[in-house]
Amino acid sequence: MNQLQRILSARRLSHPIISPLRFLHRRLFSISDADASSASFSSSHHKIQTPEVKASNKSRSTSSLKEHELAKFSAIADTWWHSEGPFKPLHLMNPTRLAFIRSTLCRHFSKDPSSARPFEGLRLIDVGCGGGLLSEPLARMGATVTGIDAVDKNVKIARLHADMDPVTSTIEYHCTTAEKLVDEGQTFDAVLALEVIEHVANPAEFCKSLSALTVPNGATLLSTINRSMRAYASAIVAAEYILRWLPKGTHQWSSFLTPEELTMILQRASVDVKEMAGFVYNPITGRWLLSDDISVNFIAYGTKRNDLGDI
Ligand SMILES: C[S@@+](CC[C@H](N)C(=O)[O-])C[C@H]1O[C@@H](n2cnc3c(N)ncnc32)[C@H](O)[C@@H]1O
Ligand SMILES: [Mg+2]
């Protein structure tokens with residue numbers, strides 16, 4: 001077991017605040033650990049179904065898959081493009097996260113951020129693309145986009161939606177995993193995995209796959225939720241139980257990573273984090289803003305080291 005694995009497993013087993021929080025959470029909402037899994041991931045509108053997961057053969061390439069996490073997304077796959085549905089937070093967050101992606105990728109690849117299609121000539125992959133909320137604007141900004149997701153239903157919805165516009169119909173969607181594409185030897189100028197790492201089986205292995213998909217000196221971007229008390233209060237208690245933005249059980253607090261942990265696992269995967277920003281919700285305007293506050297939602301941009309560079 002390496003140092004990082006020791007730190008991460010120690011955190012999971014004995015973090016000083018997780019046990020009392022779990023206890024309080026269970027008492028307040030009368031749920032069990034099993035309830036937090038796919039078995040209870042349903043609302044009055046959404047029935048759980050076994051997801052059709054193509055990439056589910058038993059090989060090295062299944063390492064990032066958590067079946068009960070995929071079942072959650074499969075259950076609500078037909079709502080990806082409902083701007084008032086369970087993916088409303090992602091719809092609202094999209095302009096904010098795209099602003100960060102535009103500015104970091106333009107700087108990284110020396111592109112003009114004021115151009116209408118600044119990503120012309122770049123090959124990007126959107127890992128865990130869902131219904132394509134991010135893939136589509138990336139294609140509109142001129143990128144050659146591949147979107148992959150482990151849930152077949154998501155990919156089908158993404159395909160149908162993208163085909164409604166000739167610009168986005170160029171997106172290649174596949175039901176597969178990052179690990180499988182690594183096995184196939186595929187690489188991209190930039191690799192993006194937004195709001196995915198908190199749903200995978202092994203974040204460190206997942207980051208290694210993202211890194212392997214990134215060309216040397218390419219860019220890697222990830223967004224997720226911080227394992228902070230504020231995130232517990234806002235991203236879980238408020239978003240799932242009070243405001244009901246997300247179905248109950250969408251997120252497990254213990255699966256969140258702190259910015260320091262994400263930086264460390266990326267660094268170990270040959271990706272140096274160069275910049276981070278927070279996404280902060282303004283309840284008065286109903287908008288998300290880019291911020292230095294990374295205590296809840298945050299995004300990280302890193303560059304893939306060219307480890308062979310010195311040879
Ligand atoms: C919260 S959604 C984010 C969707 C999209 N990235 C966005 O931000 O709009 C997480 C997505 O990751 C997918 N997913 C979860 N684990 C995955 C894995 N190991 N490999 C590929 N996709 C995965 C889910 O099916 C789901 O569509
Ligand atoms: Mg999430």
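Even glycines carry a Cβ here, placed using N, Cα and C.
Note that the structure is predicted; figures quoted are calculated from it, not measured.
Annotation source TrEMBL lists region 'Disordered' at 42-61.
The 10 Å shell around the Cβ of LEU194 (S-adenosyl-L-methionine binding site) contains 22 further Cβ atoms across the protein chains shown. Taken from TrEMBL, the feature S-adenosyl-L-methionine binding site covers ARG97, GLY128, ASP149, LEU194.
Residue density at HIS199 (Mg(2+) binding site): 23 other Cβ atoms are found within 10 A of its Cβ, drawing on all protein chains shown. Summarising the annotation, TrEMBL assigns Mg(2+) binding site to GLU195, GLU198, HIS199.
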Cα-to-Cα gap, HIS199 (Mg(2+) binding site) vs ARG97 (S-adenosyl-L-methionine binding site), nearest whole Å: 19
Rounded distance in angstrom between the Cα atoms of GLY128 (S-adenosyl-L-methionine binding site) and GLU195 (Mg(2+) binding site): 8
Alpha-carbon distance [GLU198 (Mg(2+) binding site); ARG97 (S-adenosyl-L-methionine binding site)] in Å: 17
Filtered binding-site residues, from ASP149, LEU194, GLU198, whose Cβ is under 6 Å from an atom of ligand 1: ASP149, LEU194
In sequence order, those binding-site residues of ARG97, GLU195, GLU198 whose CB lies under 6 Å from ligand 2: GLU195, GLU198
Secondary-structure category, per DSSP, in which LEU194 (S-adenosyl-L-methionine binding site) falls: strand
Shell of the Mg(2+) site beyond GLU195, GLU198, HIS199, same chain only (C-beta within 8 angstroms of their C-beta centre): GLU69, GLY128, VAL196, ILE197, VAL200, THR224, ILE225, HIS251, SER255
